Every structure is written in structure tokens, then in C-alpha cells.
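Quick notes on the structure that follows.
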Amino acid sequence: MISEDLKLSLYAEGCDIKQNEFLKYYTSFRIGGPVPYILFPKTLNAFVNALSQLVKRDIPFRIIGQGTNLIISDEPLKFVVLSTKYLNKMNFEEKNNMDLIVEAQSGVSLSALSFLLSEDGYSGLEFACGIPGSVGGGVYMNAGAYGGEMKDVVLETTVYDLRDGKVKTLNKGDLEFGYRTSILQEGSFILLSTKFLLKKDELKRIKSKLIDFSTRRWEKQPIDLPSAGSIFKRPKPDFFVGTTIENLGLKGFSIGEAQISTKHAGFIINKGNATFKDVISLIEYVKRIVKDKYNVDLQVEPEIWK
């Protein structure tokens, strides 16, 4: 799939390479089979070069950040994975003594960025203080919590266009944000970095939000157990999926080692050795029960790789 010459070229341009790695070691669900190669570009230039080389050779690939919103087959996978692990640089620009523009590369931890900015008195990303994952994944899916979403603070995003091999800038309107969606999910663009606009606020008020959001997350979500986060998108504003699943008596229900969380029924956890089949079977079971009872079609929120 990747020739020795290409390996040497990628390495020379700043990519570490690992072979036959199991993706379960790179995901929060702890499920995922082996891939032929994982590439770890150390700079954005190395990332762009790797993308260009793979596209030119028609080598299939996927991008992984912190692996927190993925459900991956445990069978051998036939694509290359590019990790944004080392793409964690940030730049800061103050505006008018009140606003701050932050440019963060795609691999920056979203929760770490939230805390960093909050500690300096900048408001806007408090909602992300407990969201696992990277900036790239957060913008890709317009992640949100507690009334906030990525679209509220994004100014623009730098992307690599797979169609013509050019680096481009997309503004907020170009990104076509929706509920847990963006134009990035259509597959033509790979996110490189994003600029955010934050507002100065009282530190006391910011810290109060952080404490509130963090406490609620710890109390209500199984964040200490392997999962892929919320399994289903909310189909409409007044339809609460976790509450619905709980009311159907499914809290704690298991198939194999995959279990509907006893803490929050909107999550499926890995009790230890769950398989991809266990998880998918449980998802399909819940979807069928909800459809039969409420005539609502649930959509899965995490990406599924197979």
C-alpha cells in the first residue's frame, strides 16, 4: 500500500510511521482493528505533504484526532490513518483589549484550549471544558454542550482541498454549520487549523460556568468508562434521546460487552471486551425499539469506520 520509497519520503518530510497498529489503542471506545499504517505528521507542512502523496497515489485514508467520536470495526482495515497528535500549535492575537483571536491547529485538545482561555479571562469556549477530542474533530462535527456550539466562536478555518490540492480558508458561512454537522463532513476538505474569537469577561463568572459544566458532566455522564460519547443525535429539539431510552427500560441493557450506560442512557459503554458487532447490534436494537414506539428514526452521532 505504501512503498518503501514513499515511506522514506514521508519520513524525510516530517512524518513518523507505525505499521500494523490496532486502532483500539487510539480511541476512547477501546475498540478497533489493525491498520496497515498510521502516519504522525509533526508539522502542518508534513500533514499537507502526506495528504498530497496519498491522494496522488489513490491510497485510501482516514484522519484521527483523539479518537473520541469513533466506532471502529475490529477486523483488519484497508486504509491508512493520519494522526493529528503532533499538530498542537496555537497563536494568540489580542484585539481592542477585549477580544482575543486564537488560531489552533487541528490536533489541539478542545478541553485544554477551553481551560487555557478561561483561565486568562476569555469567554466563549466554556461549554467545551468537558468535551473530549481535538479542535479538528470539534469543528468537523460542530461539537456542542450546555447551549454552546463550535459555530458560536469559529471565525474561519484553514483546510486542504482534496480536489485540487490547494490550501484554502473557509469562513464561518462557508462551513455551513448545523446540528452536529458541517461542510467538512462532505469529504472534500481536510481541516488544518481554526481561528476562534473569544470575548473578555469576569474571571469569576467564567469559573462559575466551568465548575457548573464540569460537575454536571461528571455527575451525569460515564466519562470514566470507555465510550464514544453520545451515541445518537437529538432528532428534534424536544426529543431527549437518553431520557427516551431510559423510559423504555433499556438503561443497563447489554449485548455482549456493550452496555447502555446505567448513568446516562444516551451513552453506550465498553464493559471491557466489547466488539464492534456488540456495539452495532446494540445500536440497531435501540433504533428499532424507538422507531416502533415513537416512529422516530435515530441517527448515530459518532463516525463508523469499517
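Placement of Cβ uses the backbone N, Cα and C atoms for every residue, glycine included.
Here the structure is a predicted model, which means the values were calculated and not measured.
DSSP classifies Arg180 (active site) as coil under the three-state reduction. Summarising the annotation, Swiss-Prot assigns active site to Arg180 (among others) and lists sequence analysis as the type of evidence.
The active site, proton donor annotation in Swiss-Prot covers Ser230. Around Ser230 (active site, proton donor), the C-beta neighbours below 8 angstroms that are at least 6 residues distant in the chain are Val241, Gly242, Gly266, Phe267, Glu301.
Around the Cβ of Glu301 (active site), 19 further Cβ atoms fall within 10 Å across all displayed protein chains. Taken from Swiss-Prot, the feature active site applies to Glu301 (among others).
If you look up Swiss-Prot, you'll see 30-216 marked as domain 'FAD-binding PCMH-type', on the strength of sequence analysis.
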Neighbour count (Cβ, 10 Å) for Arg180 (active site):
18
